[in-house]
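Please read the structure below before turning to the comments.
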C-alpha cells in the first residue's frame, strides 16, 4: 500500500495527518516527562521517609532488639528501593526523552522539506496549466478572428463596387489572421502536450515520491513510539529483580524478629540482680528478750527491700541524683559524663557488670588501635633512620612518646576496670537469673584471658546474643593470646588453644582444674556446688548430625543421631552447651560444635 498511489489527491489531508502524528509524539514525550517527575519525587519522598525514621542517637541502646534491627533493615531496603526509582527516572530521561526529542526534531525537518517540495511541484503544475489556459484562449480568439477575416474577404470579393486594391487588402488581412490562428493553434498544442506531460509526471512520479517520503516518516514515527513504549517497560523490568530482592529483604527482616530473644534481652537489660524480699518475721511482743533482735532483723529486711526497690524501679533516678548527694564526698570514684560513678557501683549488680564489661571491651579496642598506631610510627622511624632523605626521625619521636603514654594510660585503666569487674563478680547473683547462669558458665568454662600485665578480664561483655559481640570476643581473645605469647606468657595451663579450651570445662569438671588466680578457682568452686544443687533448665533439644570426638577438656563426645538437651545456646563462638542424660552420674554436660547439631528450642 502506497500513499503516492492510493492518496494521490489527498495532499492537504496528508499534511494535516503527519502534523498530528508528530504532535502525538510530543504528547507522549510530555507523558514520559511527567512520569519521570513522579518517579523522582517518589524516590525523594522515600529517602526523606527513611531519614525521618532513622533511629536517633538516644535510641541506639534499643537497636539490640530483633524488632528494631528488622525495622532498620526495612529502612535500608526502602532506601535501595528509592535508588531503583531514581534509576528508572534517569533511564527514562536518557533513553526515552532524549530519543523522542531527537526523533521529533528529525521528523519535523523532513516533513517540512517534503511539504516544501510538494508545494513547488503544485506551483509548477499550476503555472503550466495556467499557460495552457492562456494558449487555449489565444487560439480561440485567433480562430474567431481568422473566420471573420475569411468571411469579410468573401464579401469583399463578391462586392463589385469595391476596387481591386480594396479586395486585395481584405485578402491580406485574411491571410494574416489565418496565420495567427495557426500559430495560436500550434502554441496551444505545444502547451497542451507540455501540460499533459507535466501532469503525468506530477501525479505518477514526483508527487507520489513526496507522499511516499511522508509515509516513511509517519511509519518511522509510529515505529519510534512502539520502541519507546517497549523501552520504558524494559527500564521498569530491569529494576524489577532488584526491587523484588528488596521486598524479599523486607520479608526476611520481618521473619528475623524473635519475640523470645527480645524478651530475654529485656531481662538482660533491666534485671537488677537483687533477690526478692523474704517473709517478714512475726514480732512476738510477749517475748521481750528477743524483741531487740526481731526489730533489728526487721529493720535489716526493710532496708534490704528498700535497696531492691531502688535497684529495680528507681535505678534511673538514683543514677541522676548521685552527683547531688556526693558533692562533698570523697574523690575515690569520680563521676562520668552521665552522672554515674567511675566503677558504676551506684548501679544494680547485673547492670554494673554489663557496664564494666562494655568499658573493658572499649578499652581493649582502644589498646589495639593505639598499639597498631605505635607499631606504624616505629616502622616509620626505622625507615627514616635508614634513609634520612625520606624524613627526620626526630619528628616521629614526639608522636611515638605520646602514643606510648596513651597506651600505658589505657593499660592502667584496663587493669583498674578489670579489678572493678573482679570485685563485682564476688557479689552474689540471683540463682534463677540468666546473668547467674551466664556467669556460672563463664566461671566453669574459664572464659577469661590473661594479659601480659597479669590482669584477668572477662570476655563476655554483656551476655547478649550478639554475633558482632561474639566475633569481637573471639578476636580479642586471639589478639590477647598473640600478645601474651610475644611477651612470654601462656594463658592456658594445659597448652590447648582450641575454641573448646577457650570455652572451658563443664560443671562436671573438677573445681580448680582450669586456669586463673586462686580467687577465681574459689569462685568456680562455689559456682560448681551451686550448679550441682540447682542444674540449669534445658532451653530445648538437639540432634547430632555428625559424630564428634572430644579432644579437650570442656567438650563431650556424641554419636550421630544422638538426642541431647540444650542448656546454653551458641554465644557466637561456634559452640553450644548440651546435656546428656545417663544412668550413672545423672547427666553429662559439655560443649559441642554448633555446626554438628540441629537444635529445636522450646517456644
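Note: Cβ is positioned from N, Cα and C throughout, glycine not excepted.
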52-86, 87-121, 122-156 - the one TrEMBL records as coiled coil: 122-156
Beyond the flanks of the coiled coil (122-156) by 6 or more, those residues with Cβ under 8 Å of it: 11, 162, 166-167, 170-171, 173-174, 176-178, 180-181, 183-185, 187-188, 190-192, 194-195, 198-199, 202
Averaged pLDDT score, the domain 'SH3' (537-602): 85
